[in-house]
Amino acid sequence: MLHKLFMYEALREAIDEEMARDKRVFVLGEDVGHYGGSYKVTKQLHTKYGDLRVLDTPIAENSFTGMAIGAAMTGLKPVVEGMNLSFLLLAFNQISNNAGMLHYTSGGNWSIPLVIRGPGGIGKQLSAEHSQRIEAYFQAVPGLKIVACSTPYNAKGLLKAAIRDNNPVLFLEHVLLYNLKQEIPKQEYVLPLDKAQVVREGSDVTIITYSRMLHHVMQAVKQLVAQGMNPEVIDLISLKPIDLETLVTSVSKTHKAIIVEECMQTGGIAAEVMAQIYSHAFDELDAPIRRLSSKDVPTPYNGYLEQACLVQPTQIVEAVKTLMST
Amino acid sequence: MWQLKLYRDMVLGRKFEDQCAQMYYRGKMFGFVHLYNGQEAVSTGVIQALAEHDYVCSTYRDHVHALSKGVSPKEVMAELFGKQTGCSKGRGGSMHLFSAPHRFLGGFAFIGEGIPIALGAAFSSLYQHNLWGVPMSVTACFFGDGTSNNGQFYECLNMAVLWKLPMIFVVENNQWAIGMAHHRSTSEVEIYEKAKMFGMPALEVDGMDVLAVHEVAKEAVERARSAKGPTLIEALTYRFRGHSLADPDELRAKQQKAIWMARDPITQLSSWLIEQELVTQEQLDKIHREIDIIISDAVQFALSSEEAKDLYQYVYAS
C-alpha cells in the first residue's frame, strides 16, 4: 500500500511513529509545538503528545541543544529541530564538544542518542546567514553522524533510523525539498543510516552527490542519456562516515568520478570524498576526479548571483562530457 | 554522626588534591590540573545533601566533586595518570572525569557548557517523573563566579524557572577567574541577585562553613525534589592554590590569601566538633590515617594500571 506525501509530511510521520513507539522520544526547539514547526514538520504533534514531549523552547540555541544532550545522557531520546539549521552555528560548542565527543572522552560512560534536524542548504534568496551548508563545518567533529535525505521516501526511513541510533545524528533536510511529493509505503520501514544509495546504475562515469543536488544531477543525467551516455549516480546519504565501499565499487566499474555538492569547495564534503577515493582506489581511476561545488563566497541575496553561486544542471552536463572525453 | 561524615569527605578531598600536586610535579599527571584546596565545604556541603540517584555536574575543577559523589579515589587517580582503569578510561583526564554509575555527569572544561547539560538531566528527571512515575532526581550544577557573566548561565536560569526544573545552581564564588578579579568583570557582584531577576529563590552562604552550606543545600534539594523548582546558592569561598598547577598565581595579594587560609573549612569544622565535645582529637586523627591509606592505595592502583589502549574505541556507541 502506498500513499503520496510531501517530504515534510513524511518526516512528520517518522517522528509521530517513533514517538508512539517509544515514550523516551521527544521533540524540542523553537516553535515546534503550538506553531507546528517553521516548515510544519511537527504540526499538531503537541495536541497528541502534550507540551512536555513537544517542547517549545526559548530562542537559546546553544543552551537548548546542550539541554537535549543532557537529556540524552540521562535516559531520553531527544529530537532537536533547528528552526533553520544555520542557527545551529550558535550551538557549535555543544554539538562538537558534548554531542560529538562525550562518548569518547567519557570512556563510554555516556551515550548521546540525539537527532538534530531541520531545514538547511541554499533556499530562494534567503541571504547568507540563512543559507549555510553546515555539513562542511561539522564534518570534522569526531563521533557525529551526518545524514542528508533527498526524497520523501528516504527522509522517512532515515529519520526513523536516526531516532533509533545510539549516537548523535545531524540530519539535514533541504529547505527546497519539503514540498517534493512521492508515493511511499504506508507500512513501516527503516533505512540504514550508513549506506550510500545507487540511484541509477550506469557504466561510464560515477556521479556522486547528496541532498538537493541529487535533483540537479538527475536533470543533467536525462540530457546525458539522451546524448548516449550511461552515468551511474550515487546519493551519499551518509556524509559522515562516508560509505567508501559503495564508492570504490562504483569507481572500480566506471573508472571516472565527478562529485556534485551544494557546499563550498574549500573544506567541503567533496574534498573529503575525493581524498578518500584517491587514497583507496587511485589505481582504478582513468582521469582525475572532478568536483562541482558552490562558490567560495557568502551566499548572495541577489537571485542571479545566488544561481551563479550554485551548481546548475547545464554545468554538470558540460563537466561530465569533458570528463568523458579525457 | 553526620557531621563526621562531612569532615571525612572534606579531608578526603584535601588529601587527594595535595597528592595530585605531588604527582604532577613528579611527572605522573599532565595537562591542566586545577586543584580544589580551600573550596571543600562547597562540594561536601552540597553533594552530601543529595541522594545516590541524584546528578552532579561539574567543571574543569572536578576531582573533589567526583569524590564527594562517590567515584572511587582509585578510579579518579588512575584517570589523572591516563590509565585504562580510570573513570573515563584514560580518554578524559583531569578536566573530564565522568561516572555514569555514580550519576556524575562530568567535568566540562569550557566555561558554562555544563549548565545546559545539567539542565537536560533535570528536564529528564521531570519528564520521567511525570510520564512514568520515576522518583524525582535532583541535579546539582557547580560553576564559578567567572561563569556568571556567560550567556548560557542566563539562558538556563530562564528555562529552569520556566519549567520548574529540579535543579540547584551552585556558584562557587572564589572571586578569581584565573587572573580576573570578580569585581573587575561584572556589573553586579552579588551573583545571587542576578538569579532573583528570573524569579528564582537565591541566597548567599559562607562557603568556608560546611554546616551552613549543608543546611541551605538540604532546603534546596527538598524544594527541587518536591517539584517546586530550582534554587541558586552562591557560596563565598577561596582557592588556596593558583588557578591551575601551571598558574604562577602572582596577582592575588598575600594578605588576602592569609585571611582566607585562616578560615580553612576543615580546621573550622574540626575546632567546632571538639568544642562541642562531639568528637575527640584521636577520632579525627584516625580519620586522617584512614584517608592517608586510601590515597596511597589510589596512587599504587594508578601506578600499577595499564596505559589507556585502543585509540578508536568509544568514537561511536554501538
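Positions of Cβ are set from backbone N, Cα and C atoms, glycine also.
Not measured: the values here are computed from a predicted model.
Noted in Swiss-Prot for the protein shown:
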- A:Glu61: thiamine diphosphate binding site (BINDING)
- A:Leu114, A:Ala162, A:Ile163, A:Asp165, A:Asn167: K(+) binding site (BINDING)
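The structure, with features from Swiss-Prot marked on it.
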| residue | record | CB count, 10 Å |
| --- | --- | --- |
| A:Glu61 | thiamine diphosphate binding site | 23 |
| A:Leu114 | K(+) binding site | 29 |
| A:Ala162 | K(+) binding site | 27 |
| A:Ile163 | K(+) binding site | 26 |
| A:Asp165 | K(+) binding site | 20 |
| A:Asn167 | K(+) binding site | 22 |
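By a Cβ separation below 8 angstroms, chain B lies close to these of the binding-site residues A:Glu61, A:Leu114, A:Ile163, A:Asn167: A:Asn167.
Counting only the Cα atoms, the space from A:Asn167 (K(+) binding site) to A:Glu61 (thiamine diphosphate binding site) is about 20 angstrom. Recorded residues A:Leu114 (K(+) binding site) and the residue listed as 'thiamine diphosphate binding site' have their alpha carbons 15 Å apart, per Cα-Cα distance. According to DSSP, A:Glu61 (thiamine diphosphate binding site) sits within a helical segment.
The CA atom of A:Asp165 (K(+) binding site) is located 23 Å away from the CA atom of the residue listed as 'thiamine diphosphate binding site'. The DSSP secondary structure for A:Ala162 (K(+) binding site) is helix. Each residue contributes its Cα atom, and for A:Ile163 (K(+) binding site) and A:Glu61 (thiamine diphosphate binding site) these two points are 20 Å apart.
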